[in-house]
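Take a look at the following structure, please.
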Amino acid sequence: MNGMSTGTLVLLRHGESEWNALNLFTGWVDVHLTDKGIAEGKRAGELLLEHNLLPDVLYTSLLRRAISTANIALDTADRHWIPVIRDWRLNERHYGALQGRNKAQVKDKYGDEQFMLWRRSYDTPPPTIEPGSEYSQDTDPRYANLDEVPLTECLKDVVVRLIPYWEDTISADLLAGKTVLITAHGNSLRALVKHLDGISDEDIAGLNIPTGIPLRYDLDENLKPLNPGGTYLDPEAAAAGAAAVANQGGK
């Protein structure tokens, strides 16, 4: 770590989940990793080892796909023993009534423009999910202490819940010089990268984060990136993975 750098931040999107493979909107639905997703978690751990990027503390969401990916990666990197903090504010964006629906079918039914608004606009949430329905989380015990469980979210809602947690909690570990691993989701990580890199509400629509490839940020004492945009530990695979994410909704 150079003299100007504070902590090192590593962002990791969970490996491929069962619903990623089926091209379904997932959101807060708690699905398992596929075999490919498990392999991605292992590869992430190998990349951490190869780059001697050894986390001191782990933050994850409350969702199995992020927890499992982190466990596999840390076990592979021989860092399975580090402290772990899990928080709902790192959860994926809640996709409302779209949860459990096929992306290509939603696109066909509502058209490209509406599909992209729901999927990528900053402040247009999908329709709300019916409380008590199959893919709603309003009675899930892990959210019992929330005043209100979301019924839908746009990316702006994720920013509003996540950035105070970043500033109040995660930042302290980075300012103490720790290497912090955050294993989370496409949209919670997009919200954080938007904040770190000062990306506009419009331009964030074009940012896609691939599954299973660690993204390193070196931060100064104000937690501003010394390497804006971060550095993927496998840039070639990251570019291919981001392109695949951008194309979701295709047949």
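Placement of Cβ uses the backbone N, Cα and C atoms for every residue, glycine included.
Quick paste of what Swiss-Prot says about this protein:
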type	residues	note
BINDING	13-20, 26-27, Arg65, 92-95, Lys103, 119-120, 186-187	substrate binding site
ACT_SITE	His14	active site, tele-phosphohistidine intermediate
ACT_SITE	Glu92	active site, proton donor/acceptor
SITE	His185	site 'Transition state stabilizer'
Taking the Cβ of His185 (site 'Transition state stabilizer') as the reference point, list residues of the same chain whose Cβ is under 8 angstroms away and which are at least six residues distant in sequence.
Arg13, His14, Ser61, Leu63, Arg65, Ala66, Leu90, Asn91, Glu92, Arg93
Quick one: what's DSSP say for Glu16 (substrate binding site), helix, strand or coil?
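Its secondary structure by DSSP: coil.
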Among all chains shown, work out which of the recorded positions Glu16, Glu92 has the most CB atoms within 10 A of its CB.
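By the 10 Å Cβ neighbour count, Glu92 comes out on top.
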Of Gly27, Gly186, the binding-site residues given in the record, which has the fewest other CB atoms within 10 A of its CB?
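It is Gly186 that, of the binding-site residues Gly27, Gly186, has the fewest other Cβ atoms within 10 Å.
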Highest Cβ count within 10 Å among the binding-site residues Arg93, Lys103: which residue is it?
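Ranked by Cβ atoms within 10 Å, first place goes to Arg93.
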